[in-house]
Structures are given as structure tokens and as C-alpha cells.
Amino acid sequence: MAASELYTKFARVWIPDPEEVWKSAELLKDYKPGDKILLLHLEDGRDLEYRLDPKTKELPHLRNPDILVGENDLTALSYLHEPAVLHNLRVRFIDSKLIYTYCGIVLVAINPYEQLPIYGEDIINAYSGQNMGDMDPHIFAVAEEAYKQMARDERNQSIIVSGESGAGKTVSAKYAMRYFATVSGSASEANVEEKVLASNPIMESIGNAKTTRNDNSSRFGKYIEIGFDKRHRIIGANMRTYLLEKSRVVFQAEEERNYHIFYQLCASAKLPEFKMLRLGDANNFHYTKQGGSPVIEGVDDAKEMAQTRQACTLLGISESYQMGIFRILAAILHLGNVGFMSRDSDSCTIPPKHEPLSIFCDLMAVDFEEMCHWLCHRKLATAAETYIKPISKLQATNARDALAKHIYAKLFNWIVDHVNQVLHSAVKQHSFIGVLDIYGFETFEINSFEQFCINYANEKLQQQFNMHVFKLEQEEYMKEQIPWTLIDFYDNQPCINLIESKLGILDLLDEECKMPKGTDDTWAQKLYNTHLNKCALFEKPRLSNKAFIIQHFADKVEYQCEGFLEKNKDTVFEEQIKVLKSSKFKMLPELFQDDEKAISPSSATSSGRTLLTRTPAKPTKGRPGQAAKEHKKTVGHQFRNSLHLLMETLNATTPHYVRCIKPNDFKFPFTFDEKRAVQQLRACGVLETIRISAAGFPSRWTYQEFFSRYRVLMKQKDVLSERKQTCKNVLEKLIQDKDKYQFGKTKIFFRAGQVAYLEKLRADKLRAACIRIQKTIRGWLLRKKFLRMCKAAITVQRYVRGHQARCYAKFLRRTKAATIIQKYWRMYVIRRRYKIWRTATIVLQSYLRGYLARNRYRKILREHKAVIIQKWVRGWLARTYYKRSMHAIIYLQCCFRRMMAKRELKKLKIEARSVERYKKLHIGMENKIMQLQRKVDEQNKDYKCLMEKLTNLEGIYNSETEKLRSDLERLQLSEEEAKIATGRVLSLQEEIAKLRKDLEQTQCEKKSIEECADRYKQETEQLVSNLKEENTLLKQEKEALNHLIMEQAKEMTETMEKKLIEETKQLELDLNDERLRYQNLLNEFSRLEERYDDLKEEMTLMVNVPKPGHKRTDSTHSSNESEYTFSSEIAETEDIPSRTEEPSEKKVPLDMSLFLKLQKRVTELEQEKQLMQDELDRKEEQVLRSKAKEEERPQIRGAELEYESLKRQELESENKKLKNELNELRKALSEKSAPEVTAPGAPAYRVLMEQLTSVSEELDVRKEEVLILRSQLVSQKEAIQPKDDKNTMTDSTILLEDVQKMKDKGEIAQAYIGLKETNRLLESQLQSQKRSHENEAEALRGEIQSLKEENNRQQQLLAQNLQLPPEARIEASLQHEITRLTNENLYFEELYADDPKKYQSYRISLYKRMIDLMEQLEKQDKTVRKLKKQLKVFAKKIGELEVGQMENISPGQIIDEPIRPVNIPRKEKDFQGMLEYKKEDEQKLVKNLILELKPRGVAVNLIPGLPAYILFMCVRHADYLNDDQKVRSLLTSTINSIKKVLKKRGDDFETVSFWLSNTCRFLHCLKQYSGEEGFMKHNTSRQNEHCLTNFDLAEYRQVLSDLAIQIYQQLVRVLENILQPMIVSGMLEHETIQGVSGVKPTGLRKRTSSIADEGTYTLDSILRQLNSFHSVMCQHGMDPELIKQVVKQMFYIVGAVTLNNLLLRKDMCSWSKGMQIRYNVSQLEEWLRDKNLMNSGAKETLEPLIQAAQLLQVKKKTDDDAEAICSMCNALTTAQIVKVLNLYTPVNEFEERVSVSFIRTIQMRLRDRKDSPQLLMDAKHIFPVTFPFNPSSLALETIQIPASLGLGFISRV
């Protein structure tokens, strides 16, 4: 199809726009070839005539269909061009808040300038193991792809991250390294991955700075190689750096900062360790204040400094080296403050004792005078001699700055070198992944040497990128076997040659640097002469001779030549470096050792220094001047070499590209500037990738995907069985031009725009079908509506007409009545109105007339007064005018006369000058003088007359003045009297007025009182009527209130019930949490146990030869061999819980810890009692041995043994009693679960307190009995021993104590031999002392006789006591003991009556022992009181536990070995229905029944749980034999063998399920036949006879319960591993309902196909697997409740994994996919119904997934829709709801996108919801499991043992 055919009416296109770069428009009419103008309609409503270019006649770019907008991969777009790419990125970034997008092999990352929750551990786990196209674009997906390819292809990988400053390069590289560290882990215990991540803070502090574009801009490039071993675990890393911006150390532009480390030092200056640096505020230093912005908003430099130091410590840099680094940095700051004074134009000096320089020299430990001298001078060496020349102030400042830059660069290299040494691994590196964080293409208003190097590096990287993209395209075409046509792509090799070839820019620059008088101008001229007009990529600016232009791949850049030579040479005065090298500061000379390796601060082996350029691994050895030459290499030369090494490394790896885009220059979050984005897209190569893809066949579909998408365009006859041929036939009909597509082996390749054309055809076909369906449906609906409306209208008319007739009659009657009423009413109203108007008119007239008269009077008065005022004013004005006129006239006359006088004077002066005038004047002068003399005399006479008249007038004036003063005083007095009189008149008038007012007020009050009386009367009447009405209202309100109270009572009852239900649910949740904690502890314990076993096996493999010497057996083995080691077993097992007590206390709740401590204490008391009994038995044996040789007293020893055996029987019976009471206690606790049961006074509480009391009493009794027995033994020994045989008996007691300390059999055998020798010695001694004994024989015989009598009496008493009840038995035994002690005391008094000293010593020893025993009893009392308190606390909280908790939670602490030996009390009951085996056949039994048993055969052919029944019947036989060692050995072997089987075949579901079922059955058997009433309710009488008779295995039940929990968790892990690969494919990708969701076009990153191929899983696969799991569990006889819990866990895994993938896959969030998910969930629910598992809670675990599917399907437009969504999605978090709405993508054109405003509305409504901010569900979560008691109805005596089990050596009893 021709491209011009697509330009039809309503087609949308892109046109250029100066503001928005590209603007969307719509065609108003079809385009015809030859048209020069397109009529367009813009989105803002304006119409536009778009003129086509007459030369190219190119049509504007077409817009992609809306369903393609927002795609994850830009290559999936049908039209591949710049506006499509820009629009797609903008929609994803602004509307969907997605910052990552694929562009073929490139990941485009847009900086959001906001923290996003998409980098957590759960997101890393979600992307781990996934294919790159299966999830939404992410930096983790690129990292996973690199890691996977490294492991699969055994090839090194590289991730190239580039972009502008502030685009997020460093952060992207950091997240990639975090992913590797998290996924791979470390191969050693050195935590290499932590060190790799710890290098980031250090490098950021010394290499990053604030710029106008970025607050944390990397001012250097770096390439980090992360090394892996053969198991693909991190073993080390290596870092290379490129082109550090050294000029920033000495200069910063406005609003920029120096490197972060300087500001961190200044912020931490007040720390004690930094006092010596003498730092202060950053504004005090020249090198840190130039930018004027020392603080970054939101960044605390002091905290950053702490993190930097912590990272240095983690990397092994010692504190001394850290302080050395900080000293050098502080010295650089002080060096910047050094100032120079000009002496003349060519020299300068530094002020003496200059403080900044002095501090610099102190910190660097160099000589002040020497440094001061060389800062102001330099050395010039010629062939003949050397000169020292002073330098100017400007040159000195430049030299100072050059020195600072050089020191910082050396320190930077030193730190990088030592970081590499720490990260270096001694293990051989198998492969590596490199992460390149390098600057992107840069162009500014002024571009210098740094921009030139950066753009040179980007040219090289772009060339490598183009070649790689071209290679991938070629491989794809060759793989699909389609014709390969050469694609023309931009090759920037000419630009690279211009820069780096011979006589290139860099070559000419280096050559000019070698010239003695080379300058930037001469170098520019050489460039013009060499390249101008010879290379098309090189240009010269028109208005400049000091600049040049290079045409780069991204844009033209103009470089200013000024500073190129200086920056390339990077010169530093050698004398200054020598001064620094001579420093006493040990670290400083290390920085300038070029050929020597620096000392490592972490004592690690050196891996080669990594400088700005990569140095060789081995130092070169040559001439002494060679180092100086190497030092003089230019920066350009070094950069070119390092760049070549980098390209070699990248070419040897598989590259992965990340292009970071800066959306705006103002760092606004989620703000997109199209102009800036387009500039960066052009510069980073993304558009070049698009161009290469568009030049070939960018759109690629598999045949199945094409068929599924465009099935609607096919007719039924076109559909063939072979999909490939069907697609070929259809395409030949749809697209006539065969060059627009190609058929590959598995895919169809389309040219650009063809998919859009097919989408248009598909949309047209669907639109036509929709219109036809709508037409039919609307017609049917309207006809149905019309008939319904007709019927309704007739009915309505009938009723309306009848109603109208009735209303008309009523209207007539009312009209007549109303007319009469109106007649009278109108008459009344008019008459009343007339009266009112008449009265009002009269009143108005009176007021109006009075008002007019008053106004007329006031007017006359005003006119009269105005005339008077006018008269006076006019007179005043006339006089004023006259005076002013006279003044003006006089003034004019004066002026005129003055003028005339001046003229006359002038004339007179002129005349006076002439001689003749003087003569004329002189003629009559004498006459005039005489005349004047006479006039003077006359005037004098007149003056005298006037003076006389003046004196007379003054006298007259004075007299008149006195008269006037007296008259004035008289008038003032009269005026005051008149004022007083006037005041009196006024006061009298006021009083009269007041009296008048009072009179009027009194009259008014009288009237008001009368009116009030009338009003009060009316109000009273009204009030009575109102009260009556209120009374009725109150009655009604009373009834309403009563009703309301009833309703409130009901509501309160309901709320109380709801609260009770909620509290119950909360208690259940708490219980589940406790179970989960406990089971997690078990899981962790099993994991540690497995790790311990693995380590043990490794140790056994490593240690082949055992150590010589005696090897002790394990406690478990020793327990099987000898009963004497029982105490050692107890000691060992008591030590184990003490070691595990700390972690258990942190996770186990308080109530359980109290209960565990209580039961542990009870167990300890029982063990202590057992130890005392064992000690008593050993003493009996020792006494027997010592007395065996005494032939004279056999009867005495027999009576004593008889007595002691009787006491032991009594102790055993009491021990049994205590155990029974303890079982009753446990039973009472396990049977009650309600909170009321455990309250004080409740049965369970009373049982607890009674049992505790009885235990304490029995403890006292046992202590007393032990005391009595010990005292008897001592007394008997003292009575038997002669006086002179003290030493011998002392020796025998020592032997007795030694025997007590012996533990194992070997020691007992040695002790037995020694005992024989001792007996022989005693025999000889007894023979020699026989004579002395004969004298006492008679006395002893009498004593023996008395003892016999006493023994017989005690036997009778004990027999009587055994027949009594327990309470009476205790009292009788106490009375008996008191009597016996009294008699014994009397006996000893009689015995020692003759020897008071012996009696006194006996009494003293007795008192001492009594005191000791009293202290022990006090301690026991304290312990009992403490236990009582703990029991009270436990009794309050035990109601929160269920019955099953006592079965699941261990009464003891968690231990390393689950076979802890316990004290097994004996029971006296009958036995029957058992299996007998020999002790030596135990291993064979375990081997045949557990280790080598195949579950499949047992499950199919035999009864479920047969191994459990066989094991229990063997335990019953051991119980019948009363052989505790056999019971313990069998149970221990069974548990260990089950663990071995699960460890060996733990991945097999059948094996794990089989042993979970048998373990539970074994546990139920131990409960069912334990003899406890709570477990015997469902037993038959025959089964009750089979209960255990001698042993209580309650603690072994707890051990088996823990084992069952571990097996359950392993079963969950197994089924999770089996289901995990099926879930996403079956629940999301597979199209269960065919044809509902069409496949959208995909890009180069192909996702897993949604069509069911042979290797993909479907929903049926999941259902078949669920059926398999269920059938296996049923065959094994697993408990139904346990099956429900397993199914619930399986459904949770399915729902969590499905929802997590849905939240990370944009292509799955559509309306049709929501329908597919709901259908799949309904199938799972149907499966639950079929299996009768709807009440298992499995359906509730799918609720989040169901709500997510509903969210995809509901309307998402109005506020009502938002409210519905908020109420519906209560199982989803706010983050999940917003994520689904952001990802929602239409698959067809008929769907609409979710608007941004709607999403904001949802967020506003959900802002108060308190839920987890976590986006993904925890798919690894395991629900706590319980094992409800499930008794078996199978009789044990009916079980037959099949011969196939190979158990012929056991027999039924």
C-alpha cells in the first residue's frame, strides 16, 4: 500500500512547532498526489493550512494508533520517527509516571527528580531470573540480562550509562551495582558486595559537585569492573576513572560548588579530631565561596561526612590515613587563601608570616620560607646555566592554582588506587560485568578543552553503539533467513579521524605544546591551514579567528581555542613539587611517587594503580629521565590512550546501553520539556537506533500472534490448519506491495507503517461490526420500549381521565364556595385598607405641612443672614480691591518715576562730563548755595515746632489710654456677671425640660402598663394553649425517645457484638502472629541445623585423620549405652537452651516465655529429685560393698537394704503422683480456650493453684525424707565404725565422692577396679581388727534387733499409708517421720549418755545440717513463690491461646538437637497390641521403614500412615518392657532418620507429603494412646486398653510437632518451586477465552507469547498440578484440616505471584486481561468446590487478585466511579490501586485511557487509608500451621505388616 493512501480524512499527523517541537493535527480532507496544501485541524481548535516543501514534497509524519501509545518498547511503534518517540516518552513519563522505556537494545531512563518506591528488595526479587522482555522496563531488567548472559554465555558484559549532567547516570549505575550485590552475593565472608557499594560515597564526595544542572553531578568518568567467580558470586571489583575536572578545585561558576568533600570538612570542623586542620565556614575560603551557594537544600554535609568516613573504614582505610587525606584537603583550602603583593610589574611577594601559607606549610610539613620563595619565583634552565626568575602576581596566582589542582588530582588517584586494592580479590576472576558511568555529549555557549574531550569520547562510544545495533539487526535477519539488504547508517569515523589521526586536532595540539613559543592563536592557525576546506566536518566561525567548529554526530559545536594549550600541558613548577616531596608528612611523598607503589592503608596486595589513565600493571625500568618524560605526557595524549583501552574492553564484552534523559533544567518532578528531551535523544543515539530499525523491518510478529490479532480480517475459508500459510494468503490480499513485508522462519517482518495500516483495517472491520450490532440491538430495544410505553400510556390515560373528572367536579364546588368567600373577604379587606390609608394620609399631611413650614422659615432665615454676610463680604472685598489697586498704582508710579529719574541721571552724568556743563553749573552755584542755606534754616524752625506738638500729643495719648483701661476692666466684670446669670437661666430651663419629660414619660408608662396588662392577658391565654400543644408534643417526643432508646439499645447491642467479633478476630490474628513467629523460628532453626550438618560434613571431609586420644561419645549415643550418663545428658541439654535463650526471648511473646520457664523449672525440680535418688542409690551400693566383707552383720545390712528399698518405692510412687498431677495441669490448660476459664476462681486457675500448692508440699516432704535418710546413713556409719578407724572411713568417703563424679562407663570400670582393691584392703584391716570388733558385737546385735523391729514397724506404717488417699498419706508420713526422729533422738541420747563430748558433736553436726537444709528450703520457698507469680500472669493470658497451641509450641526452649532426653515417669497399667524387636535390630528397623522406604508403593498398596502405626506399636512394646533407654533410642533414631530422608529427597513432593502425613499420624497416636482424658474421648474401650502404661511422652510430642512444622514448611517450598514457572504463563499470559484479547504489537524486547505453544503452561496445567498435589496428599492419608491449610497456601502463592507480575507488566493491564483473570479465578474456585475445600480460606487469599481484575474492568471516569473503586478495592493497597490505574492500557481503540485527574481523585480519596506502602505482595509468606488432633479408628491389633517392607525380624505381641 502506498504511503500517500494513509493520508485520508481524520488521519492524524505531526507537524513541526517552534515551542512544542512537534504538534498533533488532524486532516480535514483526503490528500491527493500533487496537493501542495494540507488542511489541518489542531488540537487547540484552530484550523491550519500546512504547505508542503516544494522541493522534497515530504508529507508530515503520521501518528501511531492510540493503542500503541505508551508502549514499553519504542520499536513496537508502527511509525518510527522522532515525534512518535518523543510523544511515547512523554505519555509514559507524565501520564503513567514510568521513567524507563526500551528502545530496542537501549534502556531510556528519564530522571523523575523524585524518590520512587521501585528499587526495594521485593522489586529486585521480582526481576531476578526473569527475561528482559517479560517485565516492564527497569534498570534491574538490564542488570539481570547482563548477569544472565554472563552466566549463560560465559562472556564478559558491560553496562554503558551515559547522559547529560543531572540526567541520573550515577544513580542508575549505583542501582545496577546494588542489583548485582543483592542477587549474586559474596563468594567469601569478606562482604565484597558491601565494599563495592561502599566505594560510592567515597567517590561521590571527592568526584561529585553541585552544578547549575545537578546537585550531585559526577565530574569524572568511571568504569567499574565487578568480578565474579565460577559460581557467579562477587569476588572483587576494579575502578578506572577518566578526565577529572581539576579546574573546579580552583574555580566555580555562579550557583555552583567545589567538590563535596571540601564542604563536608568545613561542616565537620568543630569535631575534636579536626581541630588541627584549623578549618571554619566554607565562606571563609576562596576555593569554596566563589559560587555563592555553599549549601545544598536537603543535604547535611556533616552527616555526609560521617557516611564518607564510615565507608572509608569499611574499605579498610585506617584512621591515620583518613586524617592524612583530610590534612591534604584542608591544606588545599588554605593554599587558596594565600595572597600575593605586587612589587613591580614582573615580580611579587608574599607578606611575612602570612597565616594561610603558614597553616598550609604546617599541615603539609614543609618549610615555610622555601615554599614562599618558590611560589613567587621559578627556575629556568638553559643549556649553559640555570636562572631563578621572579614572576608577576598573575603568574604566581596561576601557579598557586595549578599546584592546588595537581595535589588534588594526585590525591584523587591515590584514593582510587587504594579503593581498587581493597576491592581486589586474591581469587582468580572468572568473569566480570563492567558499569561505565560516563559523561554525555555536551555543548554550551563557551566550549573548551573539557567539552572537546567529552565529545571525543562520545564519538567513540557512538561508533561502537552503531556497530553493535547494526550487528544485532543483521543477526536477526540472518536467523530468520530473510533477504538482507544493506542499511545505511551514520558512520562517524571521519569525525574520529579528524580528532585523533595523524595531523589531527590532538596531534597538532601536542605538537604546539612542545613548541617553546606556542600559543592558542598559532595552534588555531595551524588547524585552519590543515583542515579548513579539506575536511567537511571542520569549519571556521565567520567572526572569530580563535575558534573552530566540528560537526559531531549529534550537533555542531564551536570550541574556543583559548586555554587549550595550558589545559593540555597541565604544567606545574617542578620546584614546588620538590618542596612537597621533601615533606616530613609521610603520606605526601606517596602521592608523587610515579614509579613506586604506594603503601596500602588496608595492608591489601596492590592490584595496579588506576590513574586518570590506566597505568601498566608492572612499573617500567629505564633511564632516569624516562619518568620525567612520562610525567610530561599531555592530557590529550593520556586521555586518548585511556579511551582506546576502554574501547578495547567494551569491544571484548557484550554491551548493554542505558541512556539517561534530563526532562527539564529546573529539577521539577515529572515535568517534561520537549526541546531539551529532543536534544538529548538526538545526542545519545536513541533516534539513530530508531532510524536503523525503521530502515529495515521494525515490526515483527510470530505467525500465531499475527493470526490471533488479525483473525477478524480473515474469512472462514481463508483459515487453514497451517498458520504460516494462512498468514501468507491473508497478507497477499491485504497488502499488495510485497516489499512491505517478509516471511521469516518464525516471524513476519513488516516495514514501518504497515502495522498501523493493518490496525486501521482491523479497527474499521470491528467498527463496522459494532455498528451493525448496535443497530440491531438498538432497534430491538426501542421496539420493546415502544410497546411497553404504549401499554403503560393507555393505563395511565384511563386513570388520569377518571382522576381529572373527579377533580373537575370538586373544582366546581370549591369555585362557588370560594366566590362567596372572596366577595365578603374582598369587601372587608378594601374597607380596612381605606381606613388605614385615610388615617395614614392625614398623619402624613400634618407632618408634611409642618415640615414644609419649617423649611420655609429656615430658608427665609438663611436668606436674611446671607444678605448680611454678603453686605459685609462685599464691603471687605471692595476695600481690599481698592487697597490693592492703590498699592499697585503707587508701585507703578514709583517704578515709572524711578525710570525717569534714572534717565535724567544718565543725562546729567553725561552732561557733567563735559567742560561746558561744568562751567554753566558753576555760574549759578553760589546763588544756589545761599538759597539752600536759607531753606535749611527754615526747616530747622519747623522741626522744633513739630517736636513740641509731638510731646503734647503723647501726654494726651497716655491719659486717654488710662481711661480706656479702666473702662475695659469694668466691662469685663459686667460680662462675667452676665455669664453667671445666663447659666442660671439655662439650668432653670433644663429643669423645666426634665420635668416635662418626666411628665410625658409617666404618661407613656401608664399607657404601656395598660397595654402590657392587655398583652399579658392575651399572652396568658396564648401560653395556656401553647402549653397544651407542648404537652401533646412532649408526649409524642417521649414516645419517640422511648422508641429511639430501644433502637439505640439494639444498636449498642449490635456494636458490642461487632466489637466482640472484632476482638475475637484480633485475638485470632495475634494467635496466628505468635504461631508464625514460632514457626519462623523453627524454620530458621532447621536452616541453621542443615547448615551445621553441611559444615560438619565438610569438616569430616577436610579432616581425614582423627586426632589421637580418648574420644567421648555423643550424649545421645551414651544415653543408649549406660544409665549412668543420664545426668550428663541433662547437663548438656540444659546448656543448650541457655545458649538459645537470647534470640528466643526476642521473638517469643511474654506469656509463652512464662509458661516455658514454669515448665522448665518443674522439669528441673524433677531432675533434681531424680539426681538425689540416684545419689541415694549409689550410697546404698557403696555401703553394700563396704559391708559385704563383714560376716558378723549380714542381717543388719539386709534390714537396712529392705528399709531403703521401701523408701525408694515410696519415692517412686510419689513421683508418679506428681507426674499425674502435672498431666492434669496440662490437660486443664489444653482443654480450655475461653478467656473466662483462666480468670481467678475459674476451674483451670484453681487446678493450677492446687497443683502448685501440692507440688510445693510434696517438695517439702521429699526434702525432709532425704534429710532423714541421710541422717540415718550417717548415724549408721558412725555407729558401725570403731573409734580408732577414722582415717579408713575418711578414705572410703573420699572414694564415695569420687564415684559420684564419674560419668561414663570407662571411668566406672576403673572405679570398680579401685573399689575391689579398697575392699581387699578393708578385708585385711578388718581381719587385723577383728578382736576389737568382737567386744562390740553384742551391743551391735542388740542394735540390729531394735532396727529390725523399727523396720517392721515402718513397713507396716508404709503399707497403711499406701492404702490411704494422697492427702491423708502426706499427713501420715509426716506423723511417722516426726515419731521416728523423736525416737532416734532419744536413742542417740541414751547411746552417748556416757560420753557427752560425742553427743555434743553429734548435736552440733545435726544442727549444722538442719541449718543447711533450712536454707535450702527457704530457697525452694522463694522459687515456689516466684512460680506462683508467674502462674498468675500466665493464667491471665492463657485464655488467648487455643487448644492447638499447647500442641504446637514447645514447653521448653528451642534446642539444637530435637532428641533431648526427658525424664520419663513410669505408670502402672496393663499392656497389649505391640510389636517386639531386639535392641540390635533398631537400625535395621529404621533403615527399612524410613530410610529405604519408597512412598509411592506404600501409599498405593498399604493403609495410610502404616509406618507411623508400626513405630508406635514398637514404642508401646518398649513402654511395656519399662525400658526407657529403648524408648528414647527408638524415638531419637526415628526423628533423625526422617530428617535424613527429607534432606536427601527434600525436592520430591511425594516424599515430603508422605512423611508429613506419617509424622502427624505418629503425633496423633502418641496423643490418642497417652492416657490423658482429653485425647481418650473418641477411643473405644479396646483402644483405651492400648494406652502407654509406664512412660509419658508429652515432651516428645512437642518435638514431633516441631518436626511436622519443619516438614510442612519444606512441603510449601517444594510446591512453590513446582508452581512458580506455571503461574504467570497460566494465569496471565495464556488466553483461556480465545479471541477476547488481541495481541498487541511488540518490539525487539519480545515477551513470552500469550498463545499456548508446546512449551508454555496453561490454566489446565495449573489445575492438573493442583489435582496431582491433592490426590497425593489424600493417598498418603493426610489430615483433612492439614490439606486445607496446604491448599490455602498454594492459592496464596498463585494469587501473590500473579498480582506481582500484573503490577510490573503494563501489557497485562487491560480490560480484556481483567476478564481473563476473573475467568481463571472462577476456574480455581470451581476446583475448590469440586474438592469440597471452599471453607479452607483459599478463596480469600485470591481477593487482592480478584479486586485487581475488577479494577481493570470497571468504569474509570466520574467521581462516582472513583467512590466505587475505593469501596471495592479494600484488599489492595493505595500504591497497588494507583499502579494498576497508571498501567492500564487499551488493547483496542474502543477502550479509553485513565485520565490523570481521575488517578489524582483516587489518591485524594485514599489518602487517609492506613495501609502498607509496599507495592508487591510477599510471595514467600507462609501462613502459620496447626495440627488439630485427629484420632484414628483403626485398632492396633488388626494391623498386619506386609512382607514387602522387610520387617521379618519384628513380631506381634
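Please read every residue number as a count from 1 along the shown chain.
Placement of Cβ uses the backbone N, Cα and C atoms for every residue, glycine included.
Note that TrEMBL annotation is computational and uncurated.
As recorded in TrEMBL, the features of this protein are as follows:
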BINDING   Gly163, Glu164, Ser165, Gly166, Ala167, Gly168, Lys169, Thr170  ATP binding site
COILED    915-1105  coiled coil
COILED    1155-1231  coiled coil
COILED    1323-1364  coiled coil
COILED    1410-1437  coiled coil
COMPBIAS  600-613  compositional bias 'Polar residues'
COMPBIAS  1116-1130  compositional bias 'Polar residues'
COMPBIAS  1136-1147  compositional bias 'Basic and acidic residues'
DOMAIN    8-60  domain 'Myosin N-terminal SH3-like'
DOMAIN    69-763  domain 'Myosin motor'
DOMAIN    1532-1808  domain 'Dilute'
REGION    598-634  region 'Disordered'
REGION    643-665  region 'Actin-binding'
REGION    1106-1147  region 'Disordered'
Problem set entry | Sorted by sequence, non-Gly163, Glu164, Ser165, Gly166, Ala167, Gly168, Lys169, Thr170 residues with Cβ within 8 Å of centre, ATP | Asn111, Asn214, Ser217, Ser218, Gly440, Cys660, Lys662
For this session: Please give the sequence-distant neighbours of the region 'Actin-binding' (643-665): residues at least 6 beyond its ends with Cβ less than 8 Å from one of its Cβ atoms.
Result: 89, 93, 103, 105-113, 139, 142, 145-146, 149, 153, 155-169, 172, 176, 213, 223, 240, 242, 434, 436, 440, 456-457, 460-461, 464-465, 468, 613-614, 671-673, 676-677, 680-681, 684-686
Problem set entry | Local confidence of the prediction over the domain 'Myosin motor' (69-763), expressed as mean pLDDT | 82
Problem set entry | Fewest other Cβ within 10 angstroms of its own Cβ, chosen from the binding-site residues Gly163, Gly166, Gly168 | Gly166
Seminar exercise, completed: Taking all protein chains shown into account, the Cβ-based neighbour count within 10 Å for Thr170 (ATP binding site) is 23
Problem set entry | Intrachain C-beta neighbours of Ser165 (ATP binding site), sequence separation six or more, cut-off 8 angstroms | Thr211, Arg213, Asn214, Ser217, Ser218, Tyr439, Gly440, Glu442, Lys662
Seminar exercise, completed: Neighbour count check, CB within 10 A, over binding-site residues Glu164, Lys169; minimum at Glu164
For this session: State the count of C-beta atoms found within 10 angstroms of the C-beta of Ala167 (ATP binding site), not counting that atom itself.
Result: 26
Seminar exercise, completed: DSSP tally for the domain 'Myosin N-terminal SH3-like' (8-60), helix/strand/coil in that order, comes to 0 helix, 24 strand, 29 coil
